[in-house]
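According to Swiss-Prot, the substrate binding site annotation covers R65, S66, G67, N78, T82, I83, D84, K92.
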Amino acid sequence: MLKVKIVRLNEKALLPVYATTHAAGMDVAACLEENVVVLPFETALIPSGFAIELPEGYEAQLRPRSGLALRHLISLPNTPATIDADYRGEVKIILINYGQEPFVVHHGDRVAQMVVAKVERVFFDEVLTLASSSRADGGFGHTGIAGNPESKA
């Protein structure tokens, strides 16, 4: 198991926790002095009250919580939000309200998930052409939306 250093910047901060035994993401809670109202089609920056020190070669991703998205149309506009290994500031979550009603965030509300993952650094080798493939430049829905297409692999 990977050990990650964490500092509680606010004594009221709730540290990230896995809600279930096999959860991939840890729930991240809002650390607020007063409620925050996210109006329809607006954003709010929500503090977590903690900072982390990731080992080199890792990142943390902040992702939306499915229940907030399903029931309230609350998401993260920059999902997944990346926390780099050299960032030492407070973890903050940008929430966006895609719904038609104001959404109130209270202290302790679980507003995002955080997944820690290994990151591979790459070196780009500039060439004049790329190898051909059966897909070529097909993208943006080129396989359609109906049914479950049979794999051609």
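Cβ coordinates come from backbone N, Cα and C, glycine included.
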According to DSSP, R65 (substrate binding site) sits in coil
For D84 (substrate binding site), what is the secondary structure state per DSSP, taken as helix, strand or coil? coil
